[in-house]
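Asks: This is the structure, below, for whatever I ask next.
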Amino acid sequence: MIREPILNAVIMAALLAVPLWALWAGEPFTITLATRAAILALAAVGLNIALGLGGLVSLGHAAFFGIGGYAMGILAHHAQTYTPLMEAPFLIEGTKSMPVIWLTAIVAASLAALLIGALSLRTTGVYFIMITLAFGQMLYYFAISWPTYGGEDGLSIYVRNDFPGLNTLRPFPFFAISYVALAVGLFLSWRIAKSPFGLALSAARQNEARVRTVGMDPYRLRLTAFVISGAITGLAGALFADLNRFVSPTMFSWQMSGEFIVFIILGGTARLFGPVVGACLFVILEHWLGGLSDYWLVFLGAILLLVVLFARGGVIGALAGREATHD
Amino acid sequence: MTEPVLTIEGVSKRFGAVEAARGVTLDLRPGEIHALIGPNGAGKSTLIGLTAGTIAPDAGRVALAGRDVTALDAVGRARSGLGRTFQISSLAMEHSVLQNAVLGALGRSGRVMRLFGNVMRDRDLTERAAAALERVGLADQARRRVADLSHGQRRQLEVAVALTLEPKAFLMDEPMAGLGAEGTASLTAFLDTLRGEAPILLVEHDMDAVFALADRISVLVYGQVIATGTADDIRRDPAVREAYLGEDAA
């Protein structure tokens, strides 16, 4: 058994080492793959706060991922067509600035999570899964039927957005941005798990009557977790759209939500680096197996089945054992 | 006479055709242990739910420390100073013993929504929690996971978490359930010292413990309190003998 903090450090170092090697070897596509893994990992790190820590199996996190994506798409679209987003009552113009886009994505995803969470969290179990799925699908069909921003075809953004002092068109600087965003997401997730709020949220997952009896409102804990979770996934959505320079309703699809859950289960539920391992494995398998067969998801399904049957703690659980309660 | 800490006044609750509580009135005075006994199906669980706030009454009122808490749910009543323990241990099983106790101290502190700072390094909370564990005799188990504890140790932890709340009144639902003779004796001795801190409304099946501890006893039959009084009063009460202690009386 490897100690979990050491394992986490190795994973984080490997995710940086691979693109560094690719930069040196002149393999830009590998850098893009690593960027994709980092961004998907960030989305799942967001979900893991709700799912892992809070026990909230949201099958609608693609909603926040898509909102982040469209926040980027809409702002950049108006900037590249030189048309204002709105004129009355005050002028809002598009922008190509990443920090502004990220902030917009985070705020929009948080508000959506507040609304969706406030309604969904009145239910539990299968009903919660179904209602979050329903909200995700609502946004999916809304995006399809919204011709202003491409409808089913989505929106293409011709030039990647700007970040002060970096040439974001080159693969490595954009990887660096995504990697730092992932690191910040992981840091927040780690701090929250250790915080008073994290203890209460995790206790609410295990025993709702217990937290009520000590005077804590589980609904309020869960709604807060859901909003933080949605905000992080929203930021990942903005980065994902920027990586592809394209946003489409697919980002809202339930398959996307399902993939996030798969990352977490593969890597290890409620483990800090579970989503990172899961997303990296997914991207690697997608690339290798996807090259061998169009039906590569069959193999992913088999692997997932093995993990669920024989390694309930996911890859992290298999390598690092059961989580330490506290130090 | 001093003001009661907890007052239950004319509380009724009906589930379909069953009247689980019929105008129940009882109070809990400072420094006392008030035991609630009754045969199975008498409505003890319902009365606990009505007192703890997990069941809303059809009629009547509940007051805690002079404040009407009838409209408050379990969360609100816990915040108002009610320390409840469960008949079947209700704990965060994956957490350590200390984490469970810290959760109680955290609830008491009201700083639940803080997103930063390591809760297990918060001196104020961990010291409160450790003190409560020490009192119930779990200090040496602090780092163990609750799932790995014995049944008796979970019962002790259940009481320790209630202690961290520093409640105005305890509501204990069969704290002796499933304890061996030794465990029952040590918990009985501990509860005896606890009444000075906050009065205890004790629902208990173990009659030895009830008669050893209770300053007053109320007998619940078919959702009604048929008698309230000292242990001797209750032993002598003909209605009680008929309804509840029938076999002994015969």
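Just so you know, glycine gets a Cβ as well, placed from its N, Cα and C.
Copying in the features that TrEMBL gives for the protein in this structure:
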TRANSMEM  A:7-25  transmembrane segment
TRANSMEM  A:37-57  transmembrane segment
TRANSMEM  A:62-80  transmembrane segment
TRANSMEM  A:100-119  transmembrane segment
TRANSMEM  A:126-149  transmembrane segment
TRANSMEM  A:169-190  transmembrane segment
TRANSMEM  A:219-240  transmembrane segment
TRANSMEM  A:260-285  transmembrane segment
TRANSMEM  A:297-320  transmembrane segment
Asks: Please tell me whether the transmembrane segment (A:100-119) and the transmembrane segment (A:219-240) touch - that is, whether there are at least 3 C-beta pairs under 8 Å between them, with each pair 6 or more apart in sequence.
Replies: yes
Asks: Who are the chain neighbours of the transmembrane segment (A:62-80) in space, where the CB to CB distance is under 8 Å and they lie at least 6 residues beyond its ends?
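Replies: For the transmembrane segment (A:62-80), the nonlocal Cβ contacts are 43, 46, 93-96, 100-101, 104-106, 108-109, 112-113, 116, 132, 135-136, 139-140, 143, 149-150, 154-155, 157-159, 161, 229-231, 233-242, 247, 249, 251-257, 260.
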Asks: Cβ pairs under 8 Å with the transmembrane segment (A:260-285): which stretch of A:37-57, A:169-190, A:297-320 has the most?
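Replies: Counting Cβ pairs under 8 Å, the winner is A:37-57.
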Asks: Excluding the flanking five residues on each side, which residues at least 6 beyond the ends of the transmembrane segment (A:297-320) place their CB within less than 8 Å of a CB in that stretch?
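Replies: Here the qualifying positions are 1-4, 7, 262, 264-269, 271, 273-274, 277-278, 281-282, 285, 289.
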